[in-house]
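Per Swiss-Prot, substrate binding site is recorded for 10-17, 23-24, Arg62, 89-92, Lys100, 116-117, 187-188, and the stated evidence type is similarity to another entry. The feature active site, tele-phosphohistidine intermediate is assigned by Swiss-Prot to His11, with similarity to another entry given as support. Among the features that Swiss-Prot reports, phosphoserine is placed at Ser14, Ser23, Ser31, Ser118. Annotation source Swiss-Prot lists phosphotyrosine at Tyr26. The annotation active site, proton donor/acceptor is assigned in Swiss-Prot to Glu89 on the grounds of similarity to another entry. The feature N6-acetyllysine is assigned by Swiss-Prot to Lys106, Lys251, Lys253, Lys254. Taken from Swiss-Prot, the feature site 'Transition state stabilizer' covers His186, and the record attributes it to similarity to another entry. Per Swiss-Prot, N6-succinyllysine is recorded for Lys251, and the stated evidence type is a large-scale study or a structure entry.
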Amino acid sequence: MAAYKLVLIRHGESAWNLENRFSGWYDADLSPAGHEEAKRGGQALRDAGYEFDICFTSVQKRAIRTLWTVLDAIDQMWLPVVRTWRLNERHYGGLTGLNKAETAAKHGEAQVKIWRRSYDVPPPPMEPDHPFYSNISKDRRYADLTEDQLPSCESLKDTIARALPFWNEEIVPQIKEGKRVLIAAHGNSLRGIVKHLEGLSEEAIMELNLPTGIPIVYELDKNLKPIKPMQFLGDEETVRKAMEAVAAQGKVKK
C-alpha cells in the first residue's frame, strides 16, 4: 500500500513552445492554449478530490502561472508555495530563442536531438553578445547565485545535478512528514525527479516525454519508491495526444 502520494505537473504550453522556440531560462509566459491546459489539469485534480499541503515551483512564470491556475481550479490558492531556480527549465544556452525546426534544418535533426535529448552534451553556451544574455544572466531573481551556480548552458545531467539537491533537502522531508506535495515545473527539471524516483537509465530518461498540463501521480512506499508506474490524470486520448506533441518537437517541418 502507498505510504505517500506525489503529484507533478509540467507547465502548459508557453508562447515560445507555440512558436517552437528553445525557451530554457527565458521567461516565456503561457500561451492561451497553455492556460487552458493548466485549467484542465486543475479540473482533473479537482474532480479526483485532491488536496495538498505545500507546493513547489520554479522562478519562471510559465510554471508559476500553471500552479496558480491549478490552485484556483482546486480552490486551494492559500497553500504555501516555495519557488526555486533549482526547478527551472534546462538552460539552452546559445540556442535560446531559436526556432527548433529552423535549427534542425541548419544543424540537422540528429544534432538537434543530441542537444535536446542527450544526457550529458550541453548546447553551445550563451555568450554575452546573445540577444537574451542580459535578460537572463543579469535578472535580479538570479542575483544571489554564485558564478558557479549561474549557468551559460546546461545538459540534462547538469539540470538534474542542480535540481536533485533541492529534491533531497527540501521536498523529501516534507513528503516524509506526511505533507501532500504538488510540484509544478518544467520538462527537464521534472525528468530529473522522475529519473531519480524510478531509477531510470540515462537512455530511458532521454526518451521520456512528459505531457504538458496533465497531472502525473506517483504512489510511493515508505522509502519513496514508486509502487506502480506513473499515472496521468485525464482521459486517455488527451494524454496520448500530449505525449505525441512533445515527441514531435525538433523535427524538420515537412
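We number each residue from 1, going along the chain as drawn.
Note: Cβ is positioned from N, Cα and C throughout, glycine not excepted.
Feature map: Swiss-Prot annotations on the structure.
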residue	record	DSSP class
Arg10	substrate binding site	strand
Trp16	substrate binding site	helix
Ser23	phosphoserine	coil
Ser31	phosphoserine	coil
Arg90	substrate binding site	coil
Ser118	phosphoserine	coil
His186	site 'Transition state stabilizer'	coil
Lys100 (substrate binding site) versus His186 (site 'Transition state stabilizer') - Cα distance in angstrom: 17
Three-class DSSP secondary structure - Lys100 (substrate binding site): helix
Distance from the residue listed as 'active site, tele-phosphohistidine intermediate' back to Gly24 (substrate binding site), taken between C-alpha atoms, in Å: 13
Residue, out of the recorded positions Glu13, Glu89, whose Cβ gathers the largest set of other Cβ atoms within 10 Å: Glu89
Cβ-based isolation winner (fewest other Cβ atoms within 10 Å) among the recorded positions Arg10, Arg90, Lys100, Lys106: Lys106
Which listed residue (Ser23, Ser31, Ser118) has most other Cβ within 10 Å, given these are modified residues: Ser23
Number of other Cβ atoms within 10 Å of the Cβ of Ser14 (phosphoserine) across all protein chains: 27
Listed modified residues among Ser31, Lys106, Ser118 whose Cα sits within 10 Å of Arg10 (substrate binding site): none
Neighbour-count leader, CB within 10 A, recorded positions: His11, His186: His11
Number of other Cβ atoms within 10 Å of the Cβ of Gly187 (substrate binding site) across all protein chains: 22
